[in-house]
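Copied from TrEMBL, the annotated features are:
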TRANSMEM  27-49  transmembrane segment
DOMAIN    41-286  domain 'G-protein coupled receptors family 1 profile'
TRANSMEM  61-79  transmembrane segment
TRANSMEM  99-121  transmembrane segment
TRANSMEM  141-159  transmembrane segment
TRANSMEM  205-224  transmembrane segment
TRANSMEM  236-257  transmembrane segment
TRANSMEM  269-288  transmembrane segment
Amino acid sequence: MDENQTEVVKDFVLAGFSQTPSIEAGLFVLFLFFYVSTWVGNVLIMVTVASDNYLNSSPMYFLLGNLSFLDLCYSTVTTPKLLADFLDNDKLIHYDHCIVQLFFLHFVGAAEMFLLTVMAYDRYVAICRPLHYTTIMSRGLCCLLVAASWMGGFVHSTVQTILTIRLPFCGPNQVDNFFCDVPPVIKLACADTFVIELLMVSNSGLISTSSFVVLVSSYSTILVKIRSKEGRRKALSTCGSHLMVVTLFFGPCIFIYARPFSTFSVDKVVSVLYNVITPMLNPLIYTLRNKEVKSAMQKLWDKSGLTWKKQET
């Protein structure tokens, strides 16, 4: 009976933001700008880190380059479909595509949470144990920690996806968001999902909340261990960008996932924050507060300008 029920719903309808064509057209332009800015900013950081010898050999910027790649992936999971739906009144998504989107959303999202935790550990070693920094944060360890972040995201997403696809869906089929995510999707199941919700909340909520606590504790420990005012000022300058990213990413995630799957009117707006806005702002936050990245970008720009002039002559 359950297998037959799961075959009933072939497509889901994404609620989106509006059914008014003029509003949808305006939102399409706005979110297209966000998405293009996300690509430009994050690709620029990856190219800058890869092309600069100093940045490429630094653990901090190696991790930053990986964060930019994750931001690109994370935004690409949901934004292209959102842009297409602004031009499509039906806003349909096939069941299989919905599950794939849900899987990659949690895969990349959890991997980014783990990577941000790794970056906090990197700052802790750099500030509290500067003489041993290069020894501890070797390239081999950095690669291992990045791989562990991806693996942690994969395991988390696999659990979430398996719990979701085991549920029967026989209608209604409207997902109350602009993408497929666990909370709105399992509310459509034709079964009692109380236990599943508890398992998923404990899974997603525990990861986001515990990672956030570890991050805040790490940065607090850094500030406590530094006695001088000048040292604290430098530490705040170094960690300030990290704290801004952590707040922008973890705040909305905790709000969505660390509570029972009840629906609030602000859920869509909160989802936009961590799906669209944060991946766009991350490159801006890091470049505005980081002299080394800005200097490397300037060198890259000057080098590109010089090459162009030589080719022209």
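Cβ atoms are placed via backbone N, Cα and C, with glycine included.
The transmembrane segment (205-224) shares the most Cβ pairs under 8 Å with 236-257, out of the stretches 27-49, 61-79, 141-159, 236-257, 269-288. Listed as Cβ neighbours of the transmembrane segment (141-159) (distance under 8 Å, sequence separation of 6 or more from its ends, same chain) are residues 59, 62-63, 66, 103-115, 118, 121-122, 203-204, 207. Remote same-chain partners of the transmembrane segment (236-257), defined as residues 6 or more beyond its termini with a Cβ less than 8 Å from a stretch Cβ, comprise 109, 112-113, 116, 119-120, 123, 126-127, 181, 183, 201, 204-205, 208-209, 211-212, 215-216, 219, 222-223, 267, 270-271, 273-274, 277-278, 281-282, 285-286, 289-290. Highest Cβ contact count with the transmembrane segment (27-49) among the listed stretches 61-79, 99-121, 269-288 falls to 61-79 (criterion: pairs under 8 Å).
Proximity of distant same-chain residues to the transmembrane segment (61-79), defined by a Cβ-Cβ separation under 8 Å and at least 6 residues beyond the stretch ends, is recorded for 31, 34-35, 38-39, 41-43, 45-46, 49-50, 55, 101, 104-105, 108-109, 111-112, 115-116, 118-119, 122, 139, 142, 146, 178-179, 275-276, 278-280, 282-283, 286, 292-293. The average per-residue pLDDT of the prediction over the domain 'G-protein coupled receptors family 1 profile' (41-286) is 87, rounded to a whole number.
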